[in-house]
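Residues or ranges marked as Zn(2+) binding site by Swiss-Prot on the basis of sequence analysis: HIS107, HIS111, ASP117.
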Amino acid sequence: MAVTYQTEGVKMPDIKKRETTEWIKNVAASYGKRLGEIAYIFCSDEKILEVNRQYLQHDYYTDIITFDYCQGDRLSGDLFISLDTIRTNAEQFGAAYDDELHRVIIHGILHLCGINDKGPGEREIMEEAENKALAMR
């Protein structure tokens, strides 16, 4: 099990890696999952747009892109997070930057746990799962 935190073209956000990893592990366990190899790549809006275009053929900015490499109950994936979008969203929603960052960090894990947010009613289910996970910090 390894959770890594990397940057591409941005400064590493001020997160407590050990505590964050333990929190991620606990959230995964609450869904009956174990951590495999999880890589967080913090980047800029321009980088996430490039990844979105290249791998998903989507031509828009987003806060997170999750590449799922899970096997059975073991969560594995690459999670690209745009710190620019995190900042914009925090301002737009009146949220603290750190809270929005943690929301997006766990959002990717929840996707790996099988929770979707694109279909009817799924956004509300995801938001409820995010809030429950954030309360576990």
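Cβ coordinates come from backbone N, Cα and C, glycine included.
On the structure: features taken from Swiss-Prot.
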residue : record              : Cβ neighbours (10 Å)
HIS107  : Zn(2+) binding site : 21
HIS111  : Zn(2+) binding site : 21
ASP117  : Zn(2+) binding site : 16
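Neighbours of the Zn(2+) site: apart from HIS107, HIS111, ASP117, residues of the same chain with C-beta atoms within 8 angstroms of the site's C-beta centroid are ILE64, THR66, GLY108, LEU110, ILE115, ASN116, MET126, GLU130.
Taken residue by residue with DSSP, HIS111 (Zn(2+) binding site) is part of a helix.
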